[in-house]
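Everything on this sheet refers to the single structure shown next.
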Amino acid sequence: MTATLERRENASLWGNFCDWITSTENRLYIGWFGVLMIPTLLTATSVFITAFIAAPPVDIDGIREPVSGSLLYGNNIISGAIIPTSAAIGLHFYPIWEAASIDEWLYNGGPYELIVLHFLLGVACYMGREWELSFRLGMRPWIAVAYSAPVAAATAVFLIYPIGQGSFSDGMPLGISGTFNFMIVFQAEHNILMHPFHMLGVAGVFGGSLFSAMHGSLVTSSLIRETTENESANAGYRFGQEEETYNIVAAHGYFGRLIFQYASFNNSRSLHFFLAAWPVVGIWFTALGISTMAFNLNGFNFNQSVVDSQGRVINTWADIINRANLGMEVMHERNAHNFPLDLAASIEAPSLNG
């Protein structure tokens with residue numbers, strides 16, 4: 001009898017815990033994905049803040065020339081970053097217990113790998129939590145689908161690219177100037193500006209910004225006034241009201257006359273789907289582009305491809321970009337190698353017997 005009561009009490013405790021985790025009445029929804037999301041994101045955030053402030057220099061290139069990234073070692077908010085894990089570690093899983101000491105772990109950039117892996121797991125769980133909450137509320141799953149675009153982009157630069165290049169040292173540093181350094185080096189080594197998937201990503205981001213501004217301004221300009229001239233038009237909206245808050249017919253007519261009739265949506269649902277899908281698809285393509293360039297399937301190369309009838313090269317913008325790429329690559333890891341691979345491959349070592 002005692003055993004039966006104890007089992008019931010345990011089952012009741014577990015049931016109460018499950019109900020609390022999956023309850024949509026909580027101020028913040030937790031969910032089963034949240035059980036993993038909360039500790040991983042807290043770990044990534046706390047280690048990031050600590051390392052950004054106080055981490056010692058990291059031997060990123062594996063040549064015993066540490067690079068400083070923290071505030072206490074001379075950086076500011078702009079120049080500071082979490083330096084990627086050393087090239088000496090490569091793609092090895094490098095938790096604290098794999099190093100001989102904490103000092104060695106810090107010197108080889110262990111915090112970067114810890115932060116990145118916890119962060120990626122955390123944002124993936126956040127996406128799952130969005131789907132879970134939508135499911136429990138009877139909503140459609142498109143919020144999680146939209147969020148998959150930035151998750152894919154983060155996974156591409158922090159995980160897929162290092163895997164393709166063979167080392168976490170090639171991942172994007174966690175800082176402002178480190179991000180720009182990553183972009184410049186990526187252009188130098190992969191010619192990303194000439195990759196069609198990057199072009200689609202640019203169209204997605206800038207186009208999404210344009211469409212968002214157009215939609216917001218059209219709605220704001222065609223509000224149905226519920227207030228007097230002396231009050232703000234925004235004060236006429238009541239949260240949860242059933243009436244339309246703006247006149248879509250007026251907005252449609254305005255935009256149709258401004259451009260042409262069929263450039264304007266007459267269906268609010270299709271309009272908002274388009275506003276969501278355009279930037280999401282663009283960022284998906286960018287993430288796919290980064291993932292292909294990770295394995296050196298690079299952007300188009302039109303170097304010296306335009307020639308006259310005599311075979312002489314007519315320089316184009318592609319050749320200017322190529323020259324800029326070589327210059328950027330020369331500056332990158334200047335102490336790790338003397339020449340970028342493009343130049344080194346074209347220089348034959350002198351023969352001693354020749």
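Every residue gets a Cβ built from N, Cα and C, even glycine.
Per Swiss-Prot, the feature transmembrane segment maps to 29-46 (among others).
According to Swiss-Prot, the transmembrane segment annotation covers 118-133 (among others), on the basis of sequence analysis. Counting same-chain residues at least six beyond the ends of the transmembrane segment (118-133), those with a Cβ under 8 angstroms from any Cβ of the stretch are 24, 29, 31-34, 36-37, 40-41, 43-44, 47, 139, 141, 143-144, 147-148, 150-151, 154-155, 158-159.
Under the three-state DSSP scheme, Tyr126 (pheophytin a binding site) falls in the helix class. As annotated by Swiss-Prot, pheophytin a binding site applies to Tyr126.
The transmembrane segment annotation in Swiss-Prot covers 142-156 (among others).
The number of other CB atoms found within 10 A of the CB of Tyr161 (site 'Tyrosine radical intermediate'), across every protein chain shown, is 22. Swiss-Prot lists Tyr161 with the feature site 'Tyrosine radical intermediate'.
Marked as site 'Stabilizes free radical intermediate' by Swiss-Prot: His190. Note: His190 (site 'Stabilizes free radical intermediate') has non-local neighbours Met293, Asn296, Asn298, Gly299, i.e. same-chain residues 6+ apart with C-beta under 8 A of its own C-beta.
Here Swiss-Prot flags 197-218 (among others) as transmembrane segment, drawing on sequence analysis. Packing against the transmembrane segment (197-218) from elsewhere in the chain are residues 251, 254-255, 271, 274-275, 278-283, 285-286, 288-289, 292, 299: each is 6 or more residues past its ends and has a CB under 8 Å from a CB in it.
According to its DSSP assignment, His198 (chlorophyll a PD1 binding site) is helical. Residues or ranges marked as chlorophyll a PD1 binding site in Swiss-Prot: His198.
Under 8 Å, Cβ to Cβ, and six or more positions away along its own chain, His272 (Fe cation binding site) finds no residue. Here Swiss-Prot flags His215, His272 as Fe cation binding site, drawing on sequence analysis.
Under the DSSP three-state reduction, His215 (Fe cation binding site) is assigned to helix. The quinone binding site annotation in Swiss-Prot covers His215, Ser264, Phe265.
Feature annotation from Swiss-Prot assigns transmembrane segment to 274-288 (among others).
Long-range neighbours of the transmembrane segment (274-288) within the same chain, counting only residues 6 or more positions beyond its ends whose Cβ lies under 8 Å from a Cβ of the stretch, are 142, 145-146, 148-150, 152-153, 155-156, 197-198, 200-205, 207-208, 211-212, 215, 265. Around His198 (chlorophyll a PD1 binding site), the same-chain residues six or more apart in sequence whose CB sits under 8 Å from its CB are Ile192, Thr286, Gly289, Gly299, listed in sequence order. A simple way to gauge crowding: the CB of Ser264 (quinone binding site) has 18 other CB atoms within 10 angstroms, across all the protein chains here. The separation of His215 (Fe cation binding site) from Tyr161 (site 'Tyrosine radical intermediate'), Cα to Cα, is 36 Å.
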